[in-house]
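Trainee: Handing you a structure now.
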Amino acid sequence: MKRIILTVLVSVLPIVSGCFRAEENKTRKGGEMKYEVNKSEEEWKKQLTPEEFRILREKGTERAFTGALYDNHDKGTYVCAACGEPLFSSETKYESGSGWPSFYQPLKKESIDREEDRSYGMNRTEILCAKCGGHLGHVFTDGPKPTGLRYCINSASLKFKKED
Ligand SMILES: [Zn+2]
């Protein structure tokens, strides 16, 4: 009898814990409780331009070489266009030739959220603002030293604060 119970437990446990994990992911992805800045779609629409809304809230991408900041070489800080959180410094911006602002590291690791993105048949890592959940772009592993990373960001997801 003991043996049977044990067998049942062993076979059921992984399934149960698997379910819990899936549930946890769902809650995280739902975004309701996750972000410090939570606004309804209507509120974001009022605050953002249509282009910013499409990119930040609907995970869109601006066309390469069309954004306001890919060719910006001034010294300063790049903040989230939706919530103002400082995300990148001009110190880590570099010419990737991609047509999008590219950085090899964020100001703070905690200010960037990562999600697996399997859309368009590609396997990419999406990056989001950790404060408001706004879509920023993707991170790739073909960046320069010292990190080897390329944070490829939409200009529309950023606002630039020039250093005085
Ligand atoms: Zn934000």
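Glycine too: its Cβ is placed from the backbone N, Cα and C atoms.
Reproduced below are the annotations present in TrEMBL:
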type	residues	note
ACT_SITE	C152	active site, nucleophile
BINDING	C80, C83, C129, C132	Zn(2+) binding site
DOMAIN	41-163	domain 'MsrB'
Trainee: Report, in whole Å, the straight Cα-to-Cα distance of the residue listed as 'active site, nucleophile' from C132 (Zn(2+) binding site).
Mentor: 19
Trainee: Once near-sequence residues are set aside, which residues in the chain of C152 (active site, nucleophile), 6 or more away, have Cβ atoms under 8 Å from its Cβ?
Mentor: S96, S98, W100, P101, S102, G137, H138, V139, F140
Trainee: Whose Cβ lies within 8 Å of the mean position of the Cβ atoms of C80, C83, C129, C132, the Zn(2+) site, other than those residues?
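Mentor: Going along the sequence, the neighbours appear as V37, L56, A81, A82, G84, E85, L87, A130, K131, G133, G134.
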Trainee: Secondary structure at C132 (Zn(2+) binding site) (DSSP, helix/strand/coil)?
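Mentor: Coil, per DSSP.
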Trainee: DSSP secondary structure for C152 (active site, nucleophile), reduced to helix/strand/coil, please.
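Mentor: In the DSSP reduction, C152 (active site, nucleophile) maps to strand.
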Trainee: Take the Cβ of C83 (Zn(2+) binding site) and count every other Cβ within 10 Å, whichever protein chain it belongs to.
Mentor: 19
